[in-house]
Amino acid sequence: MQKWIGKRPTMGQKALVSKYDKLLMQAQNTILNPTEKILKVIEAECDKKSGRELDGVFILTTESVLFISKREHMVYKYSQISDIDVRTDGKDKNEWQITLQIGRSRRTFDDIKKNDDSQEFIEILEHMITNQSQKIITTVTHDFDYFLHAETLENLRNREIKITSFLMKRDDMGHTKNGERLLREKHKDAELIVEGFYQDKQKKGNFIVVDNNVLLYEYDNKERKAKQINKWSYNFFTNAVIDHFAIKTVISNDEGKLVLNSSGKDFANILSKVNIPFKFKKRKLHQKILGFRSGKWWKKTIASLVYLFTLLMIIAIVFGEEPTETDSIKSTTEVSDSESEKAEEEARLAEEQRKQEEEARLAEEQRKQEEEARLAEEQRKQEEEARLAEEQRKQEEEARLAEEQEQQTNVFYKNCSQAKAAGAAPIHKGEPGYAKHLDRDGDGVGCDS
C-alpha cells in the first residue's frame, strides 16, 4: 500500500489504508490508469442530492480527482473543475467541507478531519486545478531515504517543481537523521557514518564518514548543508590506541584523538580489514565497570550509589518475610473474586455496547427503508403526474381534430363561382367544400375549368 500513502505515512494514513484496503486495491486494478500516480488520499463523506451519504476515500492523482465508496465511484478531470470552496464543516468545527464546482453542478465532500494530511490534500488540489502542468512532490511521492537538503531544494526550484509544506515538515527527521541521509547521498559506498568530533572540539553536527578515507564533516541543520573540515587516510591511525567506553569510542595517536559517539567496534573492524595495526587500551578490572572507566570522582560516586541500592533491593527480595499460607490463600481468593467481578463487568459493558450498536444498526436500516419508501413515493407521484399530463394532452388533441373535422364538414359552395370567390377552387375530392355538383366531369376535381 506504499503507492497510496508513501514511505513515511502518519498514523491517520495507516488507519485509512487498513480500513479501506480492499476498496483501494479494487480502484488500483479497475479505475486508475497504469501511468497515473497517487498524490494524496484522505477519508471523506459525499452528500448526495437524494439525501444519501457515501463514506469513502477522496483521492488526488496526477490526472484526476476521485471519490471511491462501496456503492459508487466518481472521477473528475482537473480541467472539469472550475472552482473549489473550502470551509469549516458546519456540523463540526474540527472538520473541513470541500465543494467542487463541476460545470453547472456542485459536489460537496465533508467529515474531513482537520490535520496535516487534509491540509496537504487541499494544497495539492488547489495547485492541480490552477497549474496541473507544474510537477508537485508530496509526502506520498517523495522517497524519504533521500534528504531534501539545500542542493536538492535549489535544484527543484530551478526546475520549477513544487514541494508541499507538509513534506518539508515531514522530511525533517532531526539533526542526526538529516545529517546521515545527506552524507549517505554524498558517499553512497561509505562503510560507516556516525556522529563524532576531532580533538576537543566537540560540536553537535559533526559527522565522521568512513569511505576510501576517514572524513570529518560539519553539518548545519538549519541551512541543510554539510561542509568537509578534515580528511585522513587509513594510515593516519597506524598504531592508534582505541578506548571503548559504554557508548562512545576514543581513537588516540600522537596527532590527537578522534571521538566516535557510537559504532566504535565497527570502526575498529574496518581498520583491521585494511590491515592497519592498532592497540586497545587496557584497563584494570575495576576500571571496566560502568561508571568507573573515566576515573572522575562524581561518576564513581553515582555509580556506587546505584550499585548499592540495587544490591539492597535484591537482599530485601530474597530475605524478606515469607507471607503465611492463610494470607496467601486469602490474597489469592481476593484477587480471584476481583478478577471475576471485573470479567463480569466487562462482559456486561460489552453486551450493552453490542445492544447499542444493534439498536443503532436497526435505526439506520429503518431510516434507509423510510428514505427508500419516500423516494419511491416521489417517483410514483412523478409518474402519475406525467401520465395525467399525457392523457390531458391526448384529450386536447382529439378535441382539436374533432373541431377541425366539424369545420371541414360545414363548408358548402353553391357553385364554382362561389368557390372561386372563396379562393378554394380547384377543390379535390376529400377537401372541405367538395361536392359532386361542382365536379361535372367526375374526375375527382371540382371547379377545375
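Think of each number as a place in line: the chain as shown, counted from 1.
The backbone N, Cα and C atoms fix where each Cβ goes, and this holds for glycine too.
The structure displayed is predicted, hence computed values, not measured ones.
The range from 47-77, 109-139, 419-449 that TrEMBL describes as region 'Disordered' is residues 419-449. DSSP labels the residues of the region 'Disordered' (419-449) in these numbers: 6 helix, 4 strand, 21 coil. Note: the compositional bias 'Basic and acidic residues' (339-403) comprises 65 helix, 0 strand, 0 coil (DSSP; helix = H, G, I, strand = E, B).
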